[in-house]
Amino acid sequence: MKTIIVFLSLLVLATKFGDANEGVNQEQMKEVIQNEFREDFLNEMAAMSLLQQLEAIESTLLEKEADRNSRQKRCNGENVPCGPNHSTCCSGLSCEETFGYGWWYDTPFCVKPSKG
C-alpha cells in the first residue's frame, strides 16, 4: 500500500511540474523545426543552383555535339544477316552465303573473308 501511495504521489508531481516545462519544450520544438526548414530550404536552393549549372553545361555540350555531325554509320557485325534488305557489313567483313546457318535462314551473313 505504501508503494502505491509513493507512485501516486510521484505521478501527481510529474503531472504538475511536467506542464510547467511544456511551454519551454514547445518553444524549443518550434526553433528546431524552423532551423530544419531553413536548412532544407538552403539545401534545396543549392541543389537547384547545381541543377541549373549542370543544365547549362549539358546544353553547351549538346550544341557542340550537334555541330560536329557525330552520327556514325551503322554496320553489321560478324555473323549478322546482310543483303539487300539489311544494312552493310562493317569493314573487314564480307557478305557471303555460308553453309553453317545461312542455308537455314536463306540469307547471306557478314563473315570474315575466306583466304583462298
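Each residue, glycine too, has its Cβ placed from N, Cα and C.
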Of the cysteines Cys75, Cys82, which is paired with Cys95 in the disulfide recorded by Swiss-Prot?
Cys82
Per Swiss-Prot, the disulfide partner of Cys75, chosen from Cys90, Cys110:
Cys90
Measuring C-alpha to C-alpha, could you say which of the recorded positions Asn85, Cys90, Cys95 are within 10 Å of Cys110 (disulfide bond)?
Cys90, Cys95
For each of Cys75, Cys82, Cys89, Cys90, Cys110, count the other CB atoms within 10 A of its CB; which of these disulfide-bonded residues has the top count?
Cys110
According to DSSP, which of helix, strand or coil covers Cys75 (disulfide bond)?
coil
